[in-house]
């Protein structure tokens with residue numbers, strides 16, 4: 001018997017169907033001069049290119065490695081245009097949907113147990129925060145700092161002395177929804193900090209003398225959307241006035257030279273800055289929390305992916321901050337320490353000259369607020385998998401990054417008052 005569905009139900013079902021990326025490709029192109037850079041920009045005007053690196057069309061420049069996603073329908077035309085203009089390129093990913101499915105390459109060892117070797121959805125992360133509080137009641141507390149536009153809670157885990165105000169490090173993960181290895185690291189950090197306290201000399205010393213504030217998922221609505229509807233989603237899920245396009249790039253929404261970089265005012269662009277500084281509920285919740293704990297917080301660290309970099313201010317100007325030498329020293333040693341585990345090589349430097357100019361970033365905002373040690377990690381890899389780092393790479397990524405974070409914490413403990 002044929003089942004006839006009401007038209008409205010069919011429409012709703014189609015509307016919420018997850019986006020598929022069958023036979024979509026990711027190209028890597030290195031324009032040799034400004035003319036070739038302009039060719040890429042022109043292609044972006046007539047084709048729907050999703051820029052993975054750099055984060056937007058206007059950042060494309062000569063001698064920069066440029067990664068972008070192309071639909072199956074447009075990939076042949078793009079390839080032909082690159083060939084005609086004698087541009088060097090490689091195809092990093094031949095079938096994006098296939099890579100998305102291959103990303104889950106670790107089997108769940110014990111069903112129901114929180115896995116640090118797998119990517120976890122928001123529901124599992126919330127349950128995990130409760131579990132960590134129950135398991136370590138003297139060391140872990142959960143603070144609701146606000147809620148999202150879709151009314152999901154924003155939780156910060158405080159690791160350390162529950163009732164004492166001491167030096168602290170604030171860390172956030174998952175400000176961009178599709179960068180899944182970032183929230184995986186925040187979970188790993190909490191797990192290792194609590195598990196090794198009393199056993200690992202360095203971690204014990206750190207937790208005896210300082211607190212850590214961990215925001216495991218900054219962009220909760222976007223993260224949920226990337227799990228359920230569109231794996232490539234980047235922004236949050238707020239509605240934009242006078243536009244059908246959804247979302248703001250939360251890392252362009254901070255009050256740090258907010259409107260100084262052009263081409264961030266299009267609500268349909270992935271790097272849309274929002275209608276005003278701190279216009280987004282997530283941004284406001286984080287800035288309010290950090291302001292209220294400013295006397296404690298000595299370090300701000302934010303985790304992104306991908307490209308293997310350790311960045312520090314500024315993004316909105318080529319001017320170097322007053323303590324540039326100190327920041328560069330910490331970043332250099334941090335990347336050296338990170339490489340001792342698996343010989344993974346990171347580069348380091350100011351955002352503006354190391355990656356590309358950006359305005360409205362959380363890193364610059366925290367620095368200008370008075371937190372003089374602010375860093376952004378761009379985690380693995382360098383582009384082979386991009387945002388689709390396989391689960392089998394989560395633990396190695398977290399282990400090596402943990403070494404760098406512990407070094408930064410030790411340095412701050414010793415060198416700040």
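Please read every residue number as a count from 1 along the shown chain.
Glycine is treated like the rest: Cβ placed from N, Cα and C.
Here the structure is a predicted model, which means the values were calculated and not measured.
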Per Swiss-Prot, 176, 179 bind Zn(2+); matching candidate in 58, 59, 304, 324: 304
Residue, out of the disulfide-bonded residues 173, 186, 245, 268, whose Cβ gathers the largest set of other Cβ atoms within 10 Å: 173
Inter-residue Cα distance where the pair is residue 179 (Zn(2+) binding site) and residue 186 (disulfide bond), in Å: 12
Position of peak Cβ density within 10 Å, selected from the recorded positions 179, 378: 179
Chain-internal residues, separated by at least six, CB under 8 A from residue 304 (Zn(2+) binding site): 175, 176, 179, 182, 251, 376, 377, 378, 379
Rounded Cα separation (Å) that holds between residue 268 (disulfide bond) and residue 173 (disulfide bond): 24
